[in-house]
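Take a look at the structure set out below.
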Amino acid sequence: MIKIIVAGFKGRMGSTATQMVLETADFELVGVYDPHEAQETVSFNDETAIPVFQRLEEVLAVKPDVWIDFTVPEAAYPNTRFALEHGMAPVVGTTGFTEEQINELTNLSREKAIGGLIAPNFAIGAVLMMQFAQKAAQYFPDVEIIELHHDNKLDAPSGTAIKTAEMIQEVRPAKKQGNPQEVESIPGARGADFEGLRIHSVRLPGLVAHQQVQFGSVGEGLTIRHDSYDRRSFMTGVALACRQVVQRTELLYGLEQML
């Protein structure tokens, strides 16, 4: 039985992750963390009351194996660091980490010999989309990314879009696309510039998480797209990560590292 605590349990992703833990036979929800929650316990599905922790140090009393984090960027880094320092393997879906923070956390995990995962996207289909895009970029160097999310998402572009761009750049040299003399009549019209690759962010109500990688070449085009219509699409990856991190001795970045 893997003992799990969930941080950010009241958010969309956090609540879905909490439900997944409760419904999974080999997982045990030993607590939830929210520094702003006044209640001392909370019940899910009218079952046993689960302790709510407002201070990080309080979490240690239930000795979790895994710390699931779907919070906000300014909280996720100290949360993840705390988890690693106290023997908990973090599974983090919060985006917005800097490269320096990821490197620091990776080094700490190696020191402590504790596994962990930070992943921009836990949907298996999204991970495959990124891998397919990386493969296609070897033959189609002209590419743009369009990512679409619900209008409450805080960061843009999405972590998935950034990760996709990074994977593409591993196999494709920096390349400025479009007409060298092009002019934006409205600033930002061509999207964010990632080493010549353009990323476009759409935020609309009714969306969940979607991404399209658009390739173009002489006389042909290739579109690779993934759609998450429900947040449950991410839970297969979260469950997989929870089982994997307790067997590993290093923090990884990207769910593809565990597939």
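Start at 1 and count along the chain as shown; that gives each residue its number.
Every residue, even glycine, has its Cβ placed from backbone N, Cα and C.
Listed in Swiss-Prot for this protein:
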BINDING   Gly8, Phe9, Lys10, Gly11, Arg12, Met13, Gly93, Thr94, Thr95, Ala119, Pro120, Asn121, Phe122  NAD(+) binding site
ACT_SITE  His149  active site, proton donor/acceptor
BINDING   His150, Gly159, Thr160  (S)-2,3,4,5-tetrahydrodipicolinate binding site
ACT_SITE  Lys153  active site, proton donor
Sequence gap of 6 or more, C-beta under 8 Å: which same-chain residues meet both conditions with respect to Thr160 ((S)-2,3,4,5-tetrahydrodipicolinate binding site)?
-> Pro120, Asn121, Ala126, Met130, Glu147, Ala209, Gln211
In the same chain, which residues outside the set His150, Gly159, Thr160 have their CB within 8 A of the centroid of the CB atoms that define the (S)-2,3,4,5-tetrahydrodipicolinate site?
-> Thr95, Pro120, Asn121, Glu147, His149, Lys153, Asp155, Ser158, Ala161, Ala209, Gln211
Looking at the binding-site residues Gly8, Gly93, Gly159, the one with the fewest other Cβ atoms inside 10 Å is Gly159
For His150 ((S)-2,3,4,5-tetrahydrodipicolinate binding site), identify the closest of the binding-site residues Gly8, Arg12, Gly93, Thr95, Phe122, judging by Cα separation.
-> Arg12
Out of Lys10, Arg12, His149, His150, which has the highest number of nearby Cβ atoms, where nearby means within 10 Å of its Cβ, if these are the recorded positions?
-> His149
